[in-house]
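Colleague: Here it is, the structure, as structure tokens.
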């Protein structure tokens, strides 16, 4: 097949973003990488459109009305009545007048259709003070009739628009209601054409170093976790002081694996409880919206109650500390088995349910990134469940176990100030994620990435066992800090949390309901997909303010561990590398998705994560 369908300079019909209306545009260029056409409207506006949003002009030729194709008997009866009224009229004259009458009807219908199609263009691009100020970055006017509202009106009420056209241009339809209805329905059919979304194509841009890179990550991610945990167990956790290789039999214990399985399925039971609201996710490529039950915070409360019962009956929770490496190995083995199951079941999934980033056709790559977008067992969404439940709630339980282990090993009546800070900061982070669980539905993990080894290992192993590295480190390497230092670290964490939460809330609320009056002060750049790119608030400060907040909090979590060793700061280094990779990935994805609008956004917001630095 040819790589493109429309040539440069070709005049076609392009769909206006966010509506079902098509207008005459001229193709100016084509992006082979993003597969987007740059088109120019009659008023000079340029947008990047997908090929599915462009139609040839021939497909918009109006069909003849059914009234003009009446039966021969009807035409014969009409001529007979005409002859009876004017017997002396020449036959030739009658034929000429009948032909002229039909031409007059066709011209009139054509005028109705053309003017009805042309008028929305004038309305949509009518400049107003509000629009001018919005795009120039000046303070927004209080006027309500901005472009987005007009587009929404055209999309929801095309019937009123056609009626207004007929009245404005004094085009009176025939008194025959039947003919009027035929022209009206023909116009609706002509305008309200919504292209069918194409099925996902093969993934061409491979991330993480392609097949070789993903294969190496499958091998080295478990090794990295084992190395970090073994380092924390040493008296001298220097980077050059490599720990001895553990015996294989010391890495596995069936009792530990059984406890992990019990934990996983207990969280699954909490997730299936009919408590909490049910919400819809973002539309999929086929337009369908999946439903999700939001009850993560309730699951956290039930888990806290269960842990409280265990402590009441004097269950030794520091058992987690004593067998921490074995728990990590058990979680890694389970995540590998889960990944194999996910890939095998994805081979039978319909193509429209495959992940856009994990459909390369290469086994290793698709196994790592995830082949199926939303694998479900009935209504139980495996990816959504693993995203926050077993690993994130398990992170808090592990931190609590480390706190109790510190008190027992060092004979403390109360935990150290450093341990209290680490537990408090990370407890706040987890509770915030569970309280705002609905916001995860707009992240790339849910909307773009498939569920494979990358997310399974990350959710079940990396999050609970690497994110708790500071608490695990403090058990064997206690660090004393003063109250002023603790206060300064607390302020730093609060700043990072405020940036992280407010930025994510702005993005999530705007994606779900851009017309919310609470967001009226936010300015945005419209895109060809119908969505907008925020250029005010935190998203006008840097392109990824949520990543900035994440890095500040990660630093605050590591500072209570002191500066004797760099090991507690592995999380900060990892987090910076991870977010820089994600930022580059987001940049590539957004450039493909939004085209010229993303370039305008990058010019408006030049800094990516760190203001005035990067």
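Backbone N, Cα and C define each Cβ position, glycine as well.
Model, not experiment: these values are computed from the prediction.
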Colleague: Looking at the candidate ranges 274-293, 294-313, 354-373, 374-393, report the one that TrEMBL labels transmembrane segment.
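Modeller: Matching range for transmembrane segment: 294-313.
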Colleague: Report, as numbers and ranges, which residues of the same chain sit near the transmembrane segment (294-313): CB under 8 Å and 6 or more residues beyond its ends.
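Modeller: The answer is 266-267, 270-271, 273, 275-279, 388-389, 393, 396-397, 400, 430-431, 433-435, 437-438.
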Colleague: Mean pLDDT for the domain 'Tudor' (4-62), as a whole number?
Modeller: 81
Colleague: Counting only residues 6 or more past its boundaries, what in the same chain has a CB within less than 8 Å of a CB in the transmembrane segment (251-273)?
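Modeller: For the transmembrane segment (251-273), the nonlocal Cβ contacts are 226, 293, 295-296, 298-299, 302-303, 306, 323, 325-327, 329-331, 333-334, 380, 385, 389-390, 393-394, 460.
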Colleague: For the transmembrane segment (212-231), which stretch among 325-344, 455-475, 481-500 has the most Cβ pairs under 8 A?
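Modeller: Checked against 325-344, 455-475, 481-500; highest Cβ contact count belongs to 455-475.
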